[in-house]
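One structure is given below, encoded as structure tokens.
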Amino acid sequence: MGTSVQVGEEWWTVDQNPGELRSPVPDPDAGWLARVMHAAFFLLLGASLVRYLLRHPWGDRSPWIIGLSAALAGLYVLGPVLGSRATPRRLAWLGTVVAVWMVLVVLAPSFAWCAVPLFYTGLRTLPPRAALVLVTLLTAFVVAAQLELAHGGFDPNLVIAPPAVAAIATAVFVHAERLSARQRALIVDLLRTRRELAATERREGTLAERQRLSMEIHDTLAQGLSSQQMLLQAADRVWDGDPAAARRHVRTAESITERSLAEARRFVHDLAPVDLAEGGGLEEALRALSARESAGFRTDGAAVPLPDRVQSALLRIAQGALANVREHAEAGSVALTLSYLGDQVVLDIADDGRGFEPTGAARGVRGHGLPAMRARARQLGGTLTVESAPGEGTVLSAAIPLETPRRPGDPGNPERPGSPVKPKNPVNPRNPESS
């Protein structure tokens, strides 16, 4: 398949692969220059016939002149039907038209000026060298015809004017062709650029989808499998000494397996996280997650409805942060704080674990978790900051802007816009405070 574009007076088909102009397709509206030349030909042909009949009363040549004029007009009408390219039929037609015109010029030199439209027709049809030969031949015939009309008298204009007209016609046509060539090159370049841009956008979309899939897998299936592994290892260690504890670990692993399976099914159908889909919104989902992870949870500020994508992103960030705490922090306590600040919502996760060097996390030392959380926040126009140091615990803060910001000082906006709230002291996981 291709796209039709107008170049000069022709419509060209542009091949989408690899993007070059192919043979022209019929132009629904012929170019203005072609229309002018066609009209000029018939006007000159009619004027020459009238001049001949006025100058020469009906004689032996009159039937021939009238017949040849009619034949030339009929032949010329076939030209637009045959197109403008140098096909065998087009070349045969052009040769016939020129031959009939030459016979007319020999019989009646006043038909010589019909050569001007024929200049254009030859230039449009033939290759450059062949067209130059044809124009030269036609010009010579015109000069000879004009000298014949002078009845032996010499007029310099009769010798100079026809070549000058031929030169002007040729120059106009060559200029138009060069403009068309530039236009064709520009169209090809624009189409190529458009395809390259579309390919780039497809690649970027593919990469973004891969990143989204990797984050979803990391935040759901990978974390679930990691938790199951830890629980089963713990059950194996106490299997003989404390069967009851081992069974508790196995039941917990079974529960995580069921939840991971539900996450996988919803992940395949691109639905919301299980905790959100079960109802209750983000706060209930975070409260349930905190209970499973033995973490504290509290809210700050007046709650406002949050878009589904914001709820989903914050829940995934919380899951990823708590998974990092469980696997790396060796923390005694951890607390989640969800703060509504009017123009943004902030989720803070604070633990009193061993901490780490944030610059190492920026280089990807701690794996995929932090980059995935940061990417989730960035996709919603938010930020994710990490405050930590070895031996001093960690505070992770995700701030997501809301679409309807409030002015500073409004109720439920205790802080200045844009300043994430550092969470209160970590809540004792054995007695979590909940608002």
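In case you wondered, yes, glycine gets a Cβ from its N, Cα and C as well.
Predicted automatically and left uncurated, TrEMBL annotations should be read as such.
Given the structure is predicted, the values throughout are model-derived calculations rather than measurements.
For 32-54 (among others), the entry in TrEMBL reads transmembrane segment.
What TrEMBL records for 61-79 (among others) is transmembrane segment. Here the transmembrane segment (61-79) has long-range neighbours at 38, 41-42, 45, 48-49, 52-53, 93-94, 96-97, 100-101, 103-104, 107-108, 111, 114, 121, meaning same-chain residues at least 6 beyond its ends whose C-beta is under 8 angstroms from one of its own.
Using a Cβ-Cβ cut-off under 8 Å and counting only residues 6 or more beyond its ends in the same chain, the transmembrane segment (91-118) has close neighbours at 37-38, 40-41, 44-45, 48-49, 51-52, 55-56, 61, 64-65, 68-69, 71-72, 75-76, 78-79, 82, 125-126, 134, 138-139, 141-142, 144-146, 148-149, 162, 165-166, 169. The transmembrane segment feature in TrEMBL is assigned to 91-118 (among others).
TrEMBL lists 130-147 (among others) with the feature transmembrane segment. Within its own chain, the transmembrane segment (130-147) has Cβ neighbours under 8 Å at 98, 102, 105, 109-113, 115, 118-119, 122-123, 154-155, 158-159, 161-163, 166, 169-170, counting only residues six or more beyond its boundaries.
Counting only same-chain residues 6+ beyond the ends of the transmembrane segment (159-176), those with a CB under 8 A from a CB of the stretch are 8, 33, 112, 115-116, 119-120, 123-124, 132, 135-136, 138-139, 142-143, 146-147. Per TrEMBL, transmembrane segment is recorded for 159-176 (among others).
Taken from TrEMBL, the feature domain 'Histidine kinase' covers 314-404.
Taken from TrEMBL, the feature region 'Disordered' applies to 385-435.
As annotated by TrEMBL, compositional bias 'Low complexity' applies to 421-435.
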